[in-house]
Amino acid sequence: KIQSSPVVRLHVKLQVGASLSPLPTASPPPLQSSPLPTLADLAIPCHAAGRPRAPFRRKVPTSPTASPESRRGLRLSDGRHGSSLPCCPGRPRYGLSILGFVRRRRRLCDRVRARRVRAGAEMKGVSAIPAVAIIPSPLFLWRVKVILFLLWGLCCCKIGWDSVMRMSVDLRDLFLYEAFLYYNPLLLVALMIWLWGVNLWVFAQSSVNYAKVFDLSQTHLSHREIWRCATWLTLVVPTSMTAYLYLYSHGEVSLAASQPVLLYAILLMILLSPFDMFYLSSRFFFLRTMWRIALPLQAITFPDFFMADIFTSMSKVFSDLERSGCRMVHRQVATIAWFEADSICGSHSVAIPLVLVLPYLCRFFQCLRQYKDTKEKTCLLNALKYSTAVPVIFLSALKYHVFPDVWISFYRPLWLISSVVNSLYSFYWDIKRDWDLSILTRIFMFKNPSAWSNLLYGRSWVYTKASMVLAGTPW
């Protein structure tokens, strides 16, 4: 029975095939007289013992004339045929994952290939370079990118400074103000995108499920993708501004005027593109949220409120965008016609205060919609806060439509009073309602030092709003 056992015959065949030296002439003792072998003596294969097969290394005694691979003791078992080498009992077994088996097999093959290449290079007298050393590390690539970014910034600053110095003194200030007006709002938008990426990174590090809080899809942009978009915008906008300054200073006025027009047109096309490119789902979510903010006829969600609150802080950016777009439409780029009193795109334009007040009006109607849904008086007080910004904006616009004496004697005191009321009310609301003034009072009065943790983790603005939204309670 022992002689006819396939396990014993396989064991004998493997022992004979593993040794490259001829077998001794003396015949081995008969198997009938030997006691029954144990499981460790027979080295039962993995499939016979109920364990998964996997590649492994096995040291095999070889002769001096054996190949380098056999002297190194490398053996590969594919785990698919019964003729593979048996697993040694006592060695660690790998898991049943097919992916792990493929990775270990590939790693073993790469080691064998690298040793062969190194052995061939040593025979030729050339030092072999490991394959891992050919691929640069991520830290090295990041340093190269930073160096290239700094070199690009220095080149833009040098070209822009030389171009400004070539202009005449009387037109230099006006031209710089115009160039600043075209590119300043885009640079502020790029800064906002950078900071939004920082927020997402902090949320991810703090294990905050911001995707559920902001009602984002599963394919939402991560903080790395947000930073990638901000990087491209940071590179494109100063490059266009440098080209604008260089072409205008060298007499190419028409080409200089085309630089901001092309920049705004390309960004608008990317934002409104219906094709599946440049993060279509994220762009669609942004446009849909802007539409919900402009027409707050449905129930207000957390993304609607959050983005509208951000837009109130960017009202000056929207005003500059309106001025830039107006000059591009009326072909006043790279000119000083906009500085005239009767210009349709100058400071006397009626569209400027309308664009400034639009975010506050949207937020005002959102508060009214929240009061209709929740019947909370806090929503009315919040709406009153945004309504105090309307007199400040329109009284500021009257400066360009009334006589200077009337402005100084009557409208300017009203403007100052409305500005003070709006500032104090907004400051009180942010401290008391959003940040909880009682917590800050206990902290600064040293009555409750442990209130720091309550402020940072329990009653902070974002965490409070997020927890209430997740819990389904009205806010």
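Cβ atoms here come from the backbone N, Cα and C positions, even for glycine.
According to TrEMBL, the region 'Disordered' annotation covers 53-83.
The compositional bias 'Basic and acidic residues' annotation in TrEMBL covers 69-81.
What TrEMBL records for 140-161 (among others) is transmembrane segment. For the transmembrane segment (140-161), the list of distant contacts is 235, 238-239, 241-242, 245-246: same-chain residues at least six beyond its ends, Cβ to Cβ under 8 Å.
Annotation source TrEMBL lists transmembrane segment at 181-204 (among others). Residues 210, 222-224, 226-227, 229-230, 233-234, 237-238, 240-241, 244, 260, 263, 267, 310, 314, 317-318, 320-321, 323-324, 333 of the same chain sit 6 or more residues outside the transmembrane segment (181-204) yet have a Cβ under 8 Å from a Cβ within it.
Annotation source TrEMBL lists transmembrane segment at 225-249 (among others).
Marked as transmembrane segment by TrEMBL: 261-280 (among others).
What TrEMBL records for 343-475 is domain 'EXS'.
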Average model confidence [pLDDT] within the domain 'EXS' (343-475): 75
